[in-house]
Amino acid sequence: MYVSPIREPLIKGNKTYSQITKDIAAPIEGKPGKAWYMGISLSLSAMFLGLAMMGWTIWEGIGTWGLNRTIGWGWGITNFVWWVGIGHAGTFISAILLLFRQKWRTSINRSAEAMTIFAVLCAGLFPLIHMGRPLLAFFVFPYPNTRDLWVNFNSPLLWDVFAISTYLLVSLLFWYMGLIPDIGTMRDRVKSKAKKFIYGLLSFGWTGSVKHWQRHEKLSLILAGLAAPLVLSVHSIVSADFATSIIPGWHTTIFPPYFVAGAIFSGFAMVLTLLIVTRKVLNLENYITLAHIESMNKIIIATGSIVGIAYLTELFISWYSGVEYEQYAFLNRAAGPYWWAYAIMMTCNVISPQLLWFRKLRRNLVFTFILSIFINIGMWFERFVIIVTSLHRDYLPSSWSMYKPTLVEVGIFVGTLGLFFTCFLLFIRAFPVIAIAEVKTVVKSSGEKEIKNETL
Amino acid sequence: MRRYISAYFTDEEDLLRASKILMEKEISILDVLTPFPVHGLDKVLGLKESKLPTVGFIAGAIGTIFAFGFQTWAFVVDYPLFIGGKPHFAIPAFIPITFEVTVLFAAFAMVFAFLFRSKLGLGAKNKIHDERITDDRFVIIIDANESDEHFENVKNILEHEDAHDIQLKENQ
């Protein structure tokens, strides 16, 4: 395919195929540095704290949480929606950008997909613990039982069960199928017998035959075609958890597109948080370049602006609807006792990404890193605002109440952060963080070449 | 015992050109092994289009029918329950699960079809021709018949197209 010479190269440093293999395999073959050990001990500690708190919740009961009669959903569901949303960037990068033939995805799709899987795992934990008796979680699946009952197919909570489990499984398949050729590369590189055996087993006997590649390409394309509507459906269904219930502030038709945009927005922020550190620590700056960071920032500003418009539309429609409950819900959000959460949400999600209109800031790593954390916080507060402020003022003023998380809830959230980062740190030690084979396909057309003067 | 000729390339353009010429001279190519998908190579070698999309479509259609049919059967026939006064046969409410199950069935069927047809899987014992293939070497494997003339002929063509390390090998 013709690529304009004016375009910035996607892979810098005039790499040969063999150099690409070596550079990307290096973090797995070398010994982990001090930073890695520090990272994993921190994330493991957080994970064990979370496990202890989950254990306490299950042992003692859901009463250890700050929920009450009025506010039945609080921290747990906020975290659930936040984590599912973060997962969406991975599928967006690997599926939707594949369908749009965006070559820059090849440097970031692998790690983003891994992030998707870990984020969805973390998300799935919350409804599970929220049930109170996780050992009976299989009740949510429609299986023939002695009570002769079926689950409620009309309930968006059940749709969620199907959406999240399908999303997790399909993402896992997509990610692993992409990994097979690269695991083959690792199998052929490692020296120790044990490692060779393990990678050999995991590579599924990959040979690189032309027929296999032909099928592999087809498979990736069709899986991408399936995953693209899937990712849009997942957060739409999550939003239906709220939108189908008759609670002012939740009962709106704007929710599905608004949630999907928000999910991709927060997901890209998390990808940036992870990759800005990863590229530095693993010396992959030639593969994940400033051009990649800038492209992601452009998606952040696009989706961030959609989120901003959605917030304003919500406000306008609540006034325009003439429904006093609806009007009160939004007035209470902005100026009620949780005004600070609303203010954090507005600042982080609407105002701060607008700074990315400046090219200098889009290409500034420190700024992008700080902004990505701001967006993560802002998107967490968005879910908190939607859930808690809509619930805390019930129709009956006698039911009005306030919500404050307990240490147990905070601990569980910290625990999922620990689980997420532990998984990611183990992943970068075990598998190539960049799709080696895919990068090789774009290096000729979009890699850095010696300066040619003939066309310019 | 079967003999074959193997030749190495370091660039996919050379490989493509060589394959084209070999195909034109009707020399049978057994396999081509590459570190990444080389676009257009399957066309040059005259490989048939993969039928994976068909597998995906059929499995997806089964998923659609199964999910929609099951929900309908459970809520209309087996145990009709009144939920908020809504109809038993609530088509819009059945759509999300129907869609998810469709995607799930199609994805799993295609992946298993791919692994099955390519003889890939946990513990698959495929011959690794050369460890450099997953790095930066492109290998072309050509059927060798008994005559030395054939080998010389193929060797000439390949050398002309920048192939390295052209060897006559034997399969055990």
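All residue numbers here begin at 1 and follow the chain in the order shown.
Glycine too: its Cβ is placed from the backbone N, Cα and C atoms.
Listed in TrEMBL for this protein:
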- A:35-59: transmembrane segment (TRANSMEM)
- A:79-100: transmembrane segment (TRANSMEM)
- A:112-141: transmembrane segment (TRANSMEM)
- A:161-179: transmembrane segment (TRANSMEM)
- A:219-238: transmembrane segment (TRANSMEM)
- A:258-278: transmembrane segment (TRANSMEM)
- A:299-319: transmembrane segment (TRANSMEM)
- A:339-358: transmembrane segment (TRANSMEM)
- A:365-386: transmembrane segment (TRANSMEM)
- A:406-428: transmembrane segment (TRANSMEM)
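Panel annotation: around the transmembrane segment (A:112-141), residues 54, 57-58, 61-62, 76-77, 79-84, 86-91, 93-94, 151, 158, 160-161, 164, 167-168, 171-172, 174-175, 178, 267, 270-271, 274, 412, 416-417, 419-420, 423-424, 427, 431, 433 of the same chain, lying at least six beyond its termini, place a Cβ under 8 Å from a Cβ of the stretch. Same-chain neighbours of the transmembrane segment (A:219-238): 81, 84-85, 88, 91-92, 94-96, 98-99, 156, 159-160, 163-164, 166-167, 170-171, 173-174, 177-178, 256-257, 259-260, 262-263, counting only residues six or more beyond its ends whose CB sits under 8 Å from a CB of the stretch. Between the transmembrane segment (A:299-319) and the stretches A:79-100, A:339-358, A:365-386, A:406-428, it is A:339-358 that has the most C-beta pairs under 8 angstroms. Long-range contacts of the transmembrane segment (A:79-100) within the same chain: residues 108-109, 112-117, 119-120, 122-123, 126-127, 130, 164, 167, 171, 174-175, 178, 220-221, 223-225, 227-228, 230-231, 234-235, 238, 259-260, 262-264, 266-268, 270-271, 376, 379-380, 383, 387, 412-413, 416, 420, each at least 6 residues beyond the stretch ends and with a Cβ under 8 Å from a Cβ of the stretch. Within the chain carrying the transmembrane segment (A:365-386), a Cβ under 8 angstroms from the stretch's Cβ atoms is held by residues 75, 77-79, 81-82, 85-86, 242, 249-250, 262, 265-266, 269-270, 272-273, 276-277, 290, 293, 297, 300, 304, 307, 333, 338, 341-342, 344-345, 347-349, 352-353, 355-356, all 6 or more beyond its ends. Counting residues 6+ beyond its ends, the transmembrane segment (A:339-358) has Cβ neighbours under 8 Å at 262, 265, 297-298, 300-301, 304-305, 307-308, 311, 333, 367, 371, 374-375, 377-379, 381-382, 384-385, 388-389 in the same chain.
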